[in-house]
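Q: Have a look at the structure that comes next, please.
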Amino acid sequence: MPSVTVNAEFLGGLDVIFGGVRKSKCKVTKDSDDPIILKDLMTHIANNLIVHKKDYDVFIEDDTIRPGILVLVNDTDWELEGEENYELEDGDLITFTSTLHGG
Amino acid sequence: MDYTTEELLQQIQELKLENESLKNKLDQPIQDEDPLEQSTKYPFTLEEYKRYGRQLLVPEFGGPESQLRLKKSKVLVIGAGGLGSPALLYLAGIGLGEIGIVDHDTVSISNLHRQVIHSTRTIGELKCESAKHQMLGIEPRLKIRTFQEGFNSINSFEIMNGYDIVLDCTDNPATRYLINDVAVLLGITVVSGSGLKTEGQLSVLNYMGSGPCYRCFYPTPPLPSSVTSCSDGGVLGSCIGVIGVMMVTECIKVLTGWYERKEKGFIPFLSLYHGYNEIGQSLRSFKMRGRRKGCVACDLENRSITREIIESGELDYGLWCGKVDYSVLNDDDKVDVQFLSDVLSKQKDDKNPILDVREKEQFDIVHLDGSINLPLRKLTNSTKEVPIDDLLKGYDSTLPLYVVCRLGNDSQLAVKYLKEEFGLQNVYDVKGGLNAWASIIDNEFPTY
């Protein structure tokens, strides 16, 4: 089964739904031979890393990342990298960060 | 020494006069003296060369030309709180043409750990006036305009019009969207900062009327339940302060044309500061997208946001961003603090009739004797598969359970959840929470 190992980061207070973990090594696998994409990592995180299933909505909404969370691929906005369809490579750093509003 | 009444009255009168003349001195603008006179030979006064000498020496700054640009620039700071306070202190000294300060709030004692421009002496004063006073201490000739009415849909264009750049130092999504939309329509660059607990974020939006705007990054507002304020989540003054200071650096870079002088020009970014990093502190800068095609604010072909729909109130930012609905209970499900006080005074054993749903940090500051702590988050993450006795250690199901929080909002959500998920019948919300307890029952009970 093909697999890719990447680092996922949860910043801006998002770590609360991952039991306070800010950085996690993720081995993402796939049944088919299709390339492993960022969407697969999102599913992996949602299924395996969220501590309380009820917090799923904090991370995913309408089948994609919830508004107010930015996604970065190796420190670059995922919008510049193909968003969910970005093909993961070993060693990639994928950052998820909530937006802060306080001042 | 003994004085007669007359002598004492005389002395009081003299002190009054002295006090009066000293006050007048403080309020008077400093008279221009020789070294300050504008020379025809040089672009700055002798004093200005001294004042700005240290920043003029910095190669990236751009020399006298940049200093002249600052002198002609007008900067608007919206919010004189955790971000605005340090930002305004630094802005006061760099030689700007005008600084506008928008804030309708007054200084309170819980502000002072981070809102460093204010002081114990100015508690109760308008923040914009308190800030102005402090800034004039740094630069008595600085032109400062204060807007006491706060920033809203109706006055937004009038306030922002004419400013070269805006520093968004506000604390809620609705105002952030409003500032963005008005700035986009007026073509004004926004330096946007925010923070919570030990983290902060910094961005430059609508750069020169062509960079991505707040809506390009965040087309949809966040769920109200996911928005945490500094008064709930807490904030370290030094961490939010770092962001306020960083905003000034961006302001200088934009006004003096630094991005224009760079070969690659302006690259949209989001910087993220973390004060409690695994190793030391961290500052990361992410390269961000450009303008979003179809953005309702900045894509000219798809723009649906106009000055008219903002000023008429047709676009209600508060409503659009929403807020958490706390009115989820009937009056039968609530008791007041007096009722709780009577219950507690009749309580003979150490059985726990109180559930406190605040976060542990708040519970640790102060709580009612014998209460059980289970934060709302943890409660609503639990389902009926977990026996309620395990969840609420020490809970006696034969007794009524009274639920408290800080203000009486989260406690209502908790009561509803306990009834619906766990089928608890004998559970009540304590109206007004511990703040009401402190003001009505126990004046010595600390509030924060």
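Backbone N, Cα and C define each Cβ position, glycine as well.
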Q: According to TrEMBL, B:Gly82, B:Asp103, B:Ser110, B:Asn111, B:Leu112, B:His113, B:Arg114, B:Asp171, B:Asn172 bind ATP; so which of B:Lys71, B:Lys127, B:Lys132 is the extra one listed there?
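A: As annotated by TrEMBL, B:Gly82, B:Asp103, B:Ser110, B:Asn111, B:Leu112, B:His113, B:Arg114, B:Asp171, B:Asn172 share the ATP site with B:Lys127, chosen from B:Lys71, B:Lys127, B:Lys132.
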Q: Using DSSP and three states only, what is B:Cys230 (active site, glycyl thioester intermediate)?
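A: In the DSSP reduction, B:Cys230 (active site, glycyl thioester intermediate) maps to helix.
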Q: Name the recorded positions, out of B:Gly82, B:Cys216, B:Cys230, B:Cys295, B:Cys405, that lie close to chain A, meaning a Cβ-Cβ distance under 8 Å, keeping sequence order and answering 'none' if none do.
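A: Cβ contacts with chain A under 8 Å: B:Gly82, B:Cys230.
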Q: Are there residues of the same chain, six or more positions away from B:Gly82 (ATP binding site), whose CB falls under 8 angstroms from its CB, and which are they?
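A: The answer is B:Arg114, B:Gln115, B:Cys169, B:Asp171, B:Gly195, B:Cys230, B:Val235, B:Gly237, B:Ile240, B:Gly241, B:Gly244.
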Q: Other than B:Cys213, B:Cys216, B:Cys295, B:Cys298 themselves, what residues in this chain have Cβ atoms within 8 Å of the centroid of the Zn(2+) site's Cβ atoms?
A: B:Asn180, B:Val184, B:Asn206, B:Pro212, B:Tyr214, B:Arg215, B:Arg291, B:Arg292, B:Ala297, B:Asp299
Q: Report, as a single number, how many Cβ atoms besides its own are within 10 Å of the Cβ of B:Cys213 (Zn(2+) binding site).
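A: Total other Cβ atoms inside 10 Å, all chains included: 25.
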Q: Spatially, and counting Cα to Cα, which of the binding-site residues is closest to B:Cys405 (active site, cysteine persulfide intermediate)? Options: B:Ser110, B:Leu112, B:Cys213, B:Cys295.
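A: Spatially nearest to B:Cys405 (active site, cysteine persulfide intermediate) by Cα position is B:Ser110.
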Q: Please work out the mean pLDDT for the residues of the domain 'Rhodanese' (B:348-446).
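A: So the average pLDDT across the domain 'Rhodanese' (B:348-446) works out to 92.
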